[in-house]
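Swiss-Prot has this to say about the protein:
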type: ACT_SITE; residues: CYS114; note: active site
type: ACT_SITE; residues: HIS254; note: active site
type: ACT_SITE; residues: ASN284; note: active site
type: REGION; residues: 255-259; note: region 'ACP-binding'
Amino acid sequence: MANYAAMTGWGMAVPERVLTNADLERIVETSDEWIQTRTGIRERRVAGPGEYTSTLSIAAGRAALERAGLDAAQIDTVILATCTPDRPFPATACTIQAGIGARRAAAFDLVAACSGFVYGLNVATSMIRSGAARNVLFVACDIFTHFINWNDRNTCVLFGDGAGAVVLQPSDEPAGLISCVLGADGEQEDLMAVDAGGTRLPATPELLEQGRQYVYMNGREIFKHAVREMAASSLEAIRVAGLSPDDIALVVPHQANLRIIEATARRLEVPMERVFVNLDRYGNTSAASVPIALVEAVEQQRLRKGDYALLTAFGGGLTWASAVIRWTA
C-alpha cells in the first residue's frame with residue numbers, strides 16, 4: 001500500500017455561455033459596480049441546453065485522463081463531489097463512469113456543498129492509501145444556475161457553473177494530500193440551502209410557486225462563519241503538515257467572494273500575491289471552484305514541482321475543509 005496519492009492528471013470544463021455583470025443589469029436591479037464591489041465577480045459561465053453536471057464532468061474527466069496518460073479502462077474508482085446532480089438518483093458518478101468508458105470502475109457521489117473537493121480529495125486519498133483503489137478519477141462539478149431565482153439579486157449574481165477533475169495514483173514519495181482538516185456544523189444548516197425536492201419537502205406545485213426550489217442564503221452570517229472556519233482549519237492543516245504559512249507557495253481558496261478570500265488571507269498573514277483568485281471570471285462554482293482554480297494555477301505556472309499549496313473551502317451544511325498538498329507533477 002502506498003503512503004501517498006499523487007495528482008497525476010488534471011482538467012476542467014466550463015459552459016460556453018458567458019454571463020457578464022452588464023447582462024445581469026438587464027435581468028435584475030443591480031449594477032456592475034455593485035456586484036464587483038461586494039463580490040469581486042465580473043462574469044460567470046452558465047450552462048445551456050445539453051450541458052449538465054454529467055457532461056461537464058465527463059469533459060473535465062477526459063482532460064484529466066489525457067494529462068495522466070491513462071486509458072479510462074485503467075480507472076477503478078470514479079468519485080463525484082456535487083450537490084447539483086443530474087437526478088436525485090442514480091448517482092451522477094455512474095453516468096460519468098459510462099461516459100468516459102471506465103466500465104470496471106466503482107462510482108459514487110459525495111455531497112459536501114462548496115467544500116466537496118477537499119472532502120472528496122481526502123476520501124480518494126484514503127482509498128488509495130488503504131489499497132481499496134489504485135487509479136481514481138475524482139471530479140467536482142456543480143450547476144448552481146439551475147437553482148437560482150433570477151429575480152433575487154442577492155444570489156443570482158454570485159453563482160456560475162463548472163467542473164474540475166484530478167486523477168490520483170499511488171506514490172511512495174510525499175505527494176498530493178499531506179494533511180487535511182474537515183469540519184461541519186449542522187445546527188447552521190438553514191443559513192444556506194435549497195428547501196424543496198428532498199424527502200423533507202418533496203417538490204409540489206405549491207412549493208414551486210413559492211420558489212422553494214431555489215437556493216437561499218444568509219450572506220452576512222455565511223461571511224462570518226466562512227472567514228473564521230477557513231482560517232482556523234487552514235492554520236490547523238498547516239500545523240499538522242509540520243509547516244508554517246511561510247512554507248505555503250500558494251493558497252487556493254474556494255472562490256465565493258473576494259472579501260472572504262482577502263479576510264482569510266489576512267488571518268493567515270499570507271499576502272494576496274500568494275493567493276490564487278479567478279472568481280472574477282467564473283463566480284462561485286461551488287465544489288468545482290477549488291479544482292478549477294488549481295488547474296489554472298498549474299497552467300499559469302503558479303505551482304511548480306515540490307511546492308506546497310493550501311486548499312481551503314467553506315459551504316452549506318455548514319461544512320468547511322482545508323488541506324495541504326504537495327505538487328509533484
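Cβ coordinates come from backbone N, Cα and C, glycine included.
In the region 'ACP-binding' (255-259), the DSSP tally of helix, strand and coil residues is 2 helix, 0 strand, 3 coil. Cβ neighbour count for HIS254 (active site) (all protein chains, 10 Å cutoff from its Cβ): 31. Ranking the active-site residues CYS114, ASN284 by how many Cβ atoms sit within 10 Å of each one's Cβ puts CYS114 at the top. Of the recorded residues, HIS254 (active site) and ASN284 (active site) place their C-alpha atoms 8 Å from one another. Under the DSSP three-state reduction, HIS254 (active site) is assigned to coil, being neither helix nor strand.
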